[in-house]
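Colleague: Submitted below is the structure of interest, expressed as structure tokens.
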Amino acid sequence: MADASRQESPDPDNQTVTFTDKEADESPDLRAREKEEEIAAGEEFYPGDSGSFRAWLVVAGTIAGNLSTFGYVNAWGVFQAYYEQNILSDVSPSNIAWIGSIQYSLVFFPGLVTGRMFDLGYFKIPFVASSTLLVVCTFLVAQCKEYWQFILCQGIATGLSCGLIFGPNLGVIGHWFKKKRGLALGFSAIGSSIGGTIFPLATRRLIPLVGFPWTMRICAFILVFTLGFANLTLARRLPPKNVSGGLLNLKAFKNAAYSVYCLSGLVAFLGLYTTLTYIDASAVFYGVSPDWSFNLVAIANGSSLFGRIAGGFFSDKFGSLNCLIPMTLLAAVMTYAWPFARTQSSLIAVAVLYGILSGTYVSVFALPIFALGDIHDVGRRTGMALTCAAFGALAGPPISGAINTATGGFTAVGYYAGSTIVLSVLLMVVTRQLVLRGAIWAKI
């Protein structure tokens, strides 16, 4: 009788070759059969779930894309503080904040268009064009001297180009991963942490050495490398699908859970980036040296790396909303605590904890959207959700700046931002219950 733990197969020379169970599990033929069985069972095959190198190369490309977009934009807190003290010292903090808020919002606004284009199969040409635009805009910021020039180049043009890259960069993960989608998105979001650490440190250390114009040119050359890698590695996998409805799929809003979740995103971004935008300026306000305070933005962004990876891992294990709700609530707590951190050590603690918690939200935010509809329409649904979030990102920092100007401090700013995040958590709880339909617990 043949050994049950071994499998025999003839080779061309009629010799018997044996495989152990482990070797059989790793054979290409067995993986191919598993793929065929999965397709025959009506399940679409996702290469990333079986450890495909090509799929993880796509993840590496999205890391580079996120570094170049969200990572770059997340460095705004350093620019806010620098402009207040130098180039735009005659402009109010609230007005300067509009540059950053336009950037933040335009990362999300184009999602409505890019999502629809992605679903239809348009990816490479728009991605290359927007990558080129971002590099050109960064070179142009080096030449800016007036407020309106910064609004145009660093606010509108940079934000728009980042948005045209970020939307497809997010959607392409869904083409390669399903069971491990949360983990893949978590790793993808590492790029935001890396960029949000590199750009603040590089900017503040280079300005005294080579001046502001050459600092921005060096940032542009960094983007040439990272965006070049992203363009070479990213690719769609699933065929395009022309679902009805044009740019908008208003039928998606008939799903109450999806509608409430979109609203929660809008409300969350009214307050989520307040701490990241003003922690540098608040440190200077409380007496911390400006030569050191810029490190807080880099610390917060660097710490978010742990939250992004952990958020993806625990989302796959327990469900995205089950992970988002408690972590976002803790982010609200840290936002309330931030104005009362008035020493260097306490500000470091807030930056680290806030970075981890907010990083979880940013990396997991899109995951519930994948589950609230068909995968072939994910680009458009994600685009609509990002557009809703854009309104919060646009209004949030200037509102916080106006509160700061009116009150002369940051305490009321923290109360405002923390409360908006708490409200977004309550809306996520409502979303969860709408999906569960009365059940107490499920992986969602």
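Each residue, glycine too, has its Cβ placed from N, Cα and C.
From a predicted model like this one, the values you see are computed outputs, not experimental measurements.
Reproduced below are the annotations present in TrEMBL:
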- 257-444: domain 'Major facilitator superfamily (MFS) profile' (DOMAIN)
- 1-34: region 'Disordered' (REGION)
- 55-76: transmembrane segment (TRANSMEM)
- 96-115: transmembrane segment (TRANSMEM)
- 122-141: transmembrane segment (TRANSMEM)
- 147-170: transmembrane segment (TRANSMEM)
- 182-202: transmembrane segment (TRANSMEM)
- 214-235: transmembrane segment (TRANSMEM)
- 256-276: transmembrane segment (TRANSMEM)
- 296-314: transmembrane segment (TRANSMEM)
- 321-341: transmembrane segment (TRANSMEM)
- 347-372: transmembrane segment (TRANSMEM)
- 384-403: transmembrane segment (TRANSMEM)
- 415-435: transmembrane segment (TRANSMEM)
Colleague: Check for me, if you would, whether the transmembrane segment (256-276) reaches the transmembrane segment (347-372) - at least 3 Cβ pairs under 8 Å, residues 6 or more apart in sequence.
Modeller: yes
Colleague: Hey, which bits of the same chain come close to the transmembrane segment (55-76), Cβ under 8 Å, at least six residues off its ends?
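Modeller: Beyond its ends, the transmembrane segment (55-76) has Cβ neighbours at 46-48, 99-100, 103-104, 107, 131, 134, 158-159, 162-163, 165-166, 169-170, 172-173, 176-177, 184, 187-200, 203, 219, 223, 226-227, 229-230, 232-235, 276-277, 297, 301, 362.
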Colleague: To the transmembrane segment (182-202), which of 122-141, 147-170, 296-314, 384-403 is linked by the most Cβ pairs under 8 Å?
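Modeller: That would be 296-314.
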Colleague: With pairs 6 or more apart in sequence, are the transmembrane segment (384-403) and the transmembrane segment (122-141) linked by at least 3 Cβ pairs under 8 Å?
Modeller: no
Colleague: Which whole-number mean pLDDT does the model give the domain 'Major facilitator superfamily (MFS) profile' (257-444)?
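Modeller: Its mean pLDDT is 88.
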Colleague: Does the structure show the transmembrane segment (347-372) and the transmembrane segment (296-314) touching, where I'm treating 3 or more Cβ pairs under 8 angstroms (sequence separation 6 or more) as a contact?
Modeller: yes
Colleague: Cβ pairs under 8 Å with the transmembrane segment (296-314): which stretch of 122-141, 214-235, 321-341 has the most?
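Modeller: Stretch with the highest Cβ contact count: 321-341.
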Colleague: Please identify the stretch among 214-235, 321-341, 415-435 with the greatest number of Cβ pairs below 8 Å relative to the transmembrane segment (122-141).
Modeller: 214-235
